[in-house]
Amino acid sequence: MAAPALGLSVRSTLAVLERGLTLYRRLWRASLFGSFVLPVLFLISIGIGVGGHIGQVGGVSYLAWIVPGVMASTAFQMAVGECTYPILGDFKWTRGFHAMRATPVEVGDMVCGHLLYILIRVQIAVVVFLGVTALFGTLHSPWALVTPLVCGLVALAAAAPTMAFAASIDHDSYFALLFRFVMIPATLFSGVFFPVDRLPGLVRPLAYLSPLWHGVELNRAATLGAAPPWPVAAHLGYLLAFTAAGLAWALHAFGRRLQD
Amino acid sequence: MVTTWIAARISPGRVGAVLGRNLGALRSGPAYWLVLVSGFFEPLLYLLSIGVGVGALVGELPVGGRSLDYATFVAPAMLAVSAMSGALAETTYNFFFKMKYMKTFEAVLATPVRPVEVALGELGWAMVRGSVYTALFLVVMVALGLTSPLGALAAFPATVLVGLAFGALGMAVSTLMRGWQDFDLMSTGQFALFLFSGTFSPVTDYPAALQVLVQLTPLYHAVELVRGPAIGEAGWGLLPHVLYLLVMMAAGLLFAARRLQRTLMV
């Protein structure tokens, strides 16, 4: 069989999005915890509990300092989570993508429809989270309103390559390696909990490679009303380039897998 | 009397066969050594990020009348969490999958192996896997100067008890699960324990009512039991924590074996 076309049509993409939202209607109660309750519990334990022993970081309370980081890492983790088992499952167990292939839906629609679905999920979670943190008095600038956009970009940058990875593997035990060697280190060492300039000089460039770091710094600049360490255009450019590369890889991986 | 009757009918050979099946099943997957060993990196990464990175912001922490370096305070808690999550990963997701989808236990029970032996074998396997992680983690703690070699030797059996107690609880909970969605609730509970069991900051920081609530939950006792020997403060005061975990283990095992008997031997 010839390689499936990479075409992209608005109607088919929206159909893939609709399928995601239909499935989500049956799961949203359970996901409420992951996307909203857990980050708030996290803020209370680390931000207030540990923060009580820290005092100020960069001129603000530790809680105000980690809020933008936790927000970006929530988007990051949510995006990775939605692109591991669900994607492999639709190739391997439920064969949802093979079913789509039998319709006018093409590879580009499948990838973009799923990314749109993730974007919607992330926006809801981030906007609610932003509202709660505003009550804690941790937002110091009206620029905080752009954080949902930054989180959306972080989610796309994380989701696209993860989708490609999930479409390229045969066994789900590789996800354990992805979580432990990529996702968790990226979360723990991207300036969410402590400034990256405290990392040893040799490791620091690795943090700069992580899209999460760029999202964290943009978010933090927005909620605290300060300038980020790199020019805003550089941070945004890196996130966009990362997303574009991930997208290209995902389209390629989906196309290959649907050839059989 | 009941326990001696049960014990008399348990064969170590059959328990070992259940354990051996798990090892064989793991080896049949790809990259199994990497998957097995990588479980150890998770608590290590948390230790480096929170213990060392955030610890540099915290400095010293007043705990029970003395001042502790923050990494020294957090490391034993990460160790206890690692013992808990190692045991739970094996006895919840994997156990449930084998019970409900793979029908592994139905196949096993078609042999002379009995439900209680399945429960013990599964728990034993979870302990083998979990103990590899905690032992490696203790070696790292000694290397980083976060505990003494003697403290590590004393903390190791404590981590085994923590694993046994949570492993038994995990199996008991798994027999009650209706589907994967219930696991979301479980992992939420697990994460809440992780955050509020005196892991990242002393429980004395919390309001009094919350302190009482925390002292009722299991991970608090696990953290206290592991932290005591690790920071060189072991004594009779640890006994209530030991008792709590022993009761949890016995109750979990009995409950799991009974449920297995009822759901599989009809």
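From the backbone N, Cα and C atoms, a Cβ is placed for every residue, glycine too.
From a predicted model like this one, the values you see are computed outputs, not experimental measurements.
Annotation source TrEMBL lists domain 'ABC transmembrane type-2' at A:30-257.
The transmembrane segment annotation in TrEMBL covers A:27-50 (among others).
The transmembrane segment annotation in TrEMBL covers A:62-88 (among others).
As annotated by TrEMBL, transmembrane segment applies to A:115-137 (among others). Within the chain carrying the transmembrane segment (A:115-137), a Cβ under 8 angstroms from the stretch's Cβ atoms is held by residues 13, 16-17, 20-21, 24, 31, 35-36, 39-40, 43, 63-64, 67, 71, 74-75, 78-79, 82-83, 144, 147-148, 151-152, 155-156, 159-160, 163, 247, all 6 or more beyond its ends.
Sequence-remote contacts of a segment are chain residues at least 6 beyond its ends whose Cβ falls under 8 Å from one of its Cβ atoms, and for the transmembrane segment (A:143-167) they are 68, 71-72, 74-76, 78-80, 82-85, 87-88, 91, 111, 114-115, 118-119, 122-123, 126-127, 130, 134, 174-175, 178, 211-212, 214-215, 218-219, 221-223, 225, 236, 239-240, 242-243, 245-247, 249-250, 252-254, 256-257. Residues or ranges marked as transmembrane segment by TrEMBL: A:143-167 (among others).
Per TrEMBL, the feature transmembrane segment maps to A:174-196 (among others).
The transmembrane segment annotation in TrEMBL covers A:232-254 (among others). Remote same-chain partners of the transmembrane segment (A:232-254), defined as residues 6 or more beyond its termini with a Cβ less than 8 Å from a stretch Cβ, comprise 6, 97, 107-108, 110-111, 115, 153-154, 156-157, 159-165, 167-168, 211, 214-215, 217-218, 221.
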